[in-house]
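K.L.:
Okay, here's the structure, questions in a sec.
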Amino acid sequence: MPVGATGSCGGGTVSQEGSAAPEDDDPFEALREEPEPRDPGRAPTPPHEAAPKDTAPARPPGSGAARRSSSGPGPTNPTASTGTARTGPGPTTATASTGTARTEPGPTTPTASTGAGPTPRAGSTGAAVTEIEPGEFEPSGRFGVPGRPLRRNSFLVGFTGALGVLLAYAVFLGVRNAAGILVLVVIALFLAVGLHPAVVRLRRWGLPHGLAVAVVTLTVVLLIVGGLLALVPPVVTQSGQFVQQLPGYVEDLRRNPTVNDLVVRYDVMERVRSAANADTISRALGGVLGGAQLIFGTIFRVLTVLVLTIYFLAYFDKLRSLGYALVPRSRRERVRLIGDEILTRVGAYMVGALAIAVLAGASTFVFAMVVDLPYPFALAVVVAVTDLIPQIGATLGAVVVTLVGLATDLPVGIACLVFFVVYQQVENYLIYPKIMRRAVSVNEVAALLAALLGVSLLGVVGALIAIPTVAALQLILREVVLPRQDAR
């Protein structure tokens, strides 16, 4: 009888032509997936993640879900859809779908479901996908793909630590050998920070950036040259006169009875006479070559600082932006705000200190001209330079001028002392607060300690940059460190 018998199993209907299969013969036995071999390195699948199986009961023949399959020539392709998969006679491929699978007689090939899953299981017939190692698919740059990190072991850790120690020691030696140049760079940076407000002011008045830098630099050069011309001739003249008159001073001391008594007792005369020898003094000063080396070294340092200051002034904005670019983006805005505030206040302090020093020098020059002190311009330069040193600089300048006044005449010396006492009060309570109102206020004890520490480390230069450094550290402490401590 040509009519095929139908049977349903698991919601699917199988149509066969010819004799009907026995009832206990499962027509989908070939489609059942064999147990998969378990990968030893793979963790067992949790029960709630296991793939659901078709457990629907078989439907009786003639039910509404049973449909006859339409046969067609040739093999069919596997499908995964919500409809009915129809196949023609010939080899068929079983599919994982949510619809009804119909097959014609012929060999069948089971395939694994292509659902979303982490890694293909062993033994599946799908495309094999290898496990991705860490860093395997990282984006490659100009120099290739980064490799795997090195495995840590005791030898590698010790070797890396030894290399780090050697590198730190090499950096220490380099910094120590280049300490002189680094000091010049620091001086130029502070000068650039102090002179940048003047450049900004000139640019607001309409001058181009290059012309503003040139005007400020020329002004600084004129001040330096004028100071050297005021200081060098008197120092050279007075030094020569002192060397020539030193033997006469020794003879005067020898004729003094008290001094003579001490000389005879401690045999001091021979030592003083040998020390007062012109040859000894020349050797102590280093001779002509030593003096020339000192002069040329000083000129080289001054020119180096001047060139670096011009460079820093010309590229101040670019260097500042470059420094901010080195900070992570998440913190860049806060660092920029704090950095600009530090630069503004430190620059205001340096400009104010320079203005106060110039005012002190000008006042000293006028007073020296009135009381007829020798070398009034040189004394004014001395007072202006020493006034830049915080806390103790003004006192040092006053002592020098007062000693010169006492050497000239006693009333003149007393007048010098009274003048500086009055001027210091005016400067401390009227001039300084008015000029330094925009700068960071530093505690007097902290300023004194910073000045002493700066003198011990870098000499006069350290004393000059001590207060701006303390002001910057104070601002960082107040805006960064203390809020973090309060937030804990």
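Note that Cβ sites are derived from N, Cα and C of the backbone, with glycine treated the same way.
These came from TrEMBL, pasted as-is:
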COMPBIAS  29-41  compositional bias 'Basic and acidic residues'
COMPBIAS  61-123  compositional bias 'Low complexity'
REGION    1-144  region 'Disordered'
TRANSMEM  155-172  transmembrane segment
TRANSMEM  178-199  transmembrane segment
TRANSMEM  211-232  transmembrane segment
TRANSMEM  294-316  transmembrane segment
TRANSMEM  346-371  transmembrane segment
TRANSMEM  377-403  transmembrane segment
TRANSMEM  410-426  transmembrane segment
TRANSMEM  446-477  transmembrane segment
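Give me the local environment of each listed feature.
P.N.:
Beyond the transmembrane segment (211-232), the same-chain residues lying 6 or more positions past its ends with a Cβ under 8 Å from any Cβ of the stretch are 191, 195, 198-199, 202-203, 302, 306, 309-310, 313-314, 377-378, 380-382, 384-385.
If one looks beyond the transmembrane segment (346-371) by at least 6 residues along the same chain, the residues whose Cβ comes under 8 Å of a Cβ in the stretch are 190-191, 193-198, 377, 379-381, 383-385, 387-388, 390, 394, 397, 401, 405, 412, 415-416, 419, 423, 427, 431-432, 435-436, 438-440, 467-468, 471-472.
A Cβ distance under 8 Å defines the sequence-distant neighbours of the transmembrane segment (446-477), meaning residues of its chain 6+ beyond its ends; these are 183, 186-187, 190, 193, 338, 341-342, 345-346, 349-350, 353, 388-393, 439-440.
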K.L.:
Output the single range from 155-172, 178-199, 377-403, 410-426 maximising the number of Cβ pairs under 8 Å to the transmembrane segment (294-316).
P.N.:
178-199
K.L.:
Restricting to the same chain and to residues at least six past its boundaries, which positions have a Cβ under 8 Å from a Cβ of the transmembrane segment (410-426)?
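P.N.:
Long-range Cβ neighbours of the transmembrane segment (410-426): 360, 363, 367, 371-373, 394-395, 398, 401-404.
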